[in-house]
Amino acid sequence: DILAAFRVTPQPGVPPEEAGAAVAAESSTGTWTTVWTDGLTSLDRYKGRCYHIEXVPGEEDQFIAYVAYPLDLFEEGSVTNMLTSIVGNVFGFKALRALRLEDLRIPPAYVKTFQGPPHGIQVERDKLNKYGRPLLRCTIKPKLGLSAKNYGRAVYECLRGGLDFTKDDENVNSQPFMRWRDRFLFCAEAIFKSQAETGEIKGHYLNATAGTCEEMYKRAIFARELGVPIVMHDYLTGGFTANTSLAHYCRDNGLLLHIHXXMHAVIDRQKNHGMHFRVLAKALRMSGGDHIYAGTVVGKLEGERDITLGFVDLLRDDFVEKDRSRGIYFTQDWVSLPGVLAVASGGIHVXHMPALTEIFGDDSVLQFGGGTLGHPWGNAPGAVANRVALEACVQARNEGRDLAVEGNEIIREASKWSPELAAACEVWKEIRFNFKAVDTL
């Protein structure tokens with residue numbers, strides 16, 4: 001069975017048992033009345049069952065309802081069908097004040113019907129020939145308004161300075177000021193020029209998201225013909241069907257696939273209604289993507305440490321044990337499905353590098369947008385500062401130093417021989433985003 005954990009807030013006067021049963025019925029075989037065609041099938045075989053209800057500590061009117069769904073309710077290899085069944089209709093139920101899907105347990109038999117990520121962590125490292133450290137990346141800013149040539153210039157400067165990747169922002173598609181084909185051409189030129197000068201493999205996440213699947217394929221095919229290593233997709237606004245199709249194309253044609261989670265906070269930000277990001281992360285791993293955003297813990301975007309590391313493990317590891325302290329409601333076995341690199345992004349700069357290296361480990365992508373392009377000396381020095389800070393942190397960690405305790409000292413030591421890093425430390429030394437996370441256990 002597929003198991004689901006729902007946070008249920010019933011209307012006043014509705015018992016939690018009734019609310020849990022209603023969720024199970026509405027998201028499987030039930031409707032609001034008895035129908036004569038019920039007698040033409042075996043409802044016992046197909047109906048969802050609410051098998052356990054528990055109170056939420058500190059919340060008098062909220063309960064966790066556990067629901068089991070028989071596997072035969074779901075089409076094989078279709079995230080679209082799975083989510084349509086489980087969360088498609090029930091969230092508007094009048095008997096509930098609010099409903100949130102906290103977690104899913106996907107059984108190995110169903111996991112095996114999915115291709116998953118086009119390549120996975122190890123294949124990506126082999127393609128890029130980069131091992132033993134997180135990857136570095138920058139989103140080109142301003143995200144909108146640059147011409148294709150100026151955009152390509154910024155890409156070149158960042159890659160030449162030492163970053164592994166640069167990236168289109170999520171809303172860069174094909175606007176009047178910069179059509180997609182022009183952007184692809186100038187970015188490809190920047191990639192190959194920086195590769196020739198540095199001797200390292202470089203990439204730029206070319207956003208293939210489009211208004212139709214046919215147009216999306218056209219852009220992905222052009223990227224492959226240019227010989228670039230990676231494309232990108234906005235998987236929630238683009239849709240799971242389009243995302244799975246693009247993931248299959250990327251595996252067949254040797255392209256890495258970066259996933260942007262634009263719109264996720266609309267779904268997952270509210271604590272008592274919607275869907276937790278760990279569910280979206282599991283769905284993405286099944287649908288297909290080699291990278292996805294996972295918060296930062298230390299930056300400007302939402303993310304509490306234990307919860308964030310919980311779904312980072314769900315993205316990367318083959319087997320994840322149930323751990324309620326990290327928000328993981330079920331043990332998850334991914335069998336042979338490849339892992340996904342977690343991307344840390346949002347309001348981070350060189351002073352955060354020790355914490356990010358310690359929190360996310362090697363199998364991650366650290367994304368410094370303003371933290372690269374905001375350097376007072378320009379884009380390339382900003383990239384140099386980030387690369388020097390990362391190399392210093394990785395070396396210190398490998399020497400057995402504690403990044404959590406000695407992080408500031410490690411960055412200070414490195415800045416003595418890197419004027420670019422020293423300038424970055426000076427300009428961002430006062431920047432803090434000290435807000436409490438909304439999403440807590």
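Note: Cβ is positioned from N, Cα and C throughout, glycine not excepted.
The active site, proton acceptor feature in Swiss-Prot is assigned to LYS141 (among others); the stated evidence is sequence analysis. All chains included, 16 other C-beta atoms sit within 10 angstroms of the C-beta of LYS141 (active site, proton acceptor).
Marked as N6-carboxylysine by Swiss-Prot: LYS167. Classification of LYS167 (N6-carboxylysine) by DSSP places it within a strand. Counted within 10 Å of its Cβ, the other Cβ atoms near LYS167 (N6-carboxylysine) come to 29, all protein chains included.
Sequence-distant contacts (6 or more apart, same chain, Cβ under 8 Å) of GLU170 (Mg(2+) binding site) comprise ASN207, THR209, ASP234, THR237, HIS260, UNK262. Taken from Swiss-Prot, the feature Mg(2+) binding site applies to LYS167, ASP169, GLU170, supported by sequence analysis.
Sequence annotations record features per position, and here Swiss-Prot assigns active site, proton acceptor to HIS260 (among others). Classification of HIS260 (active site, proton acceptor) by DSSP places it within a strand.
Per Swiss-Prot, site 'Transition state stabilizer' is recorded for LYS300, and the stated evidence type is sequence analysis.
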Report task. Enumerate the residues of the same chain, LYS167, ASP169, GLU170 excluded, that satisfy the criterion Cβ within 8 A of the mean position of the Cβ atoms of the recorded Mg(2+) site; list them in sequence order. Result -> THR139, ILE140, LYS143, ASP168, ASN171, VAL172, TYR205, ASN207, MET232, HIS260
Report task. Compile a sequence-ordered list of residues in the same chain as ASP169 (Mg(2+) binding site), six or more apart from it, whose Cβ lies below 8 A from its Cβ; state 'none' when nothing qualifies. Result -> THR139, ILE140, LYS141, LYS143, LEU144, ASN207
Query raised in the report: Which state, by DSSP, holds LYS141 (active site, proton acceptor): helix, strand or coil?
Result: coil
Requested in this report: Enter the number of other CB atoms within 10 angstroms of the CB of HIS260 (active site, proton acceptor).
Outcome: 28
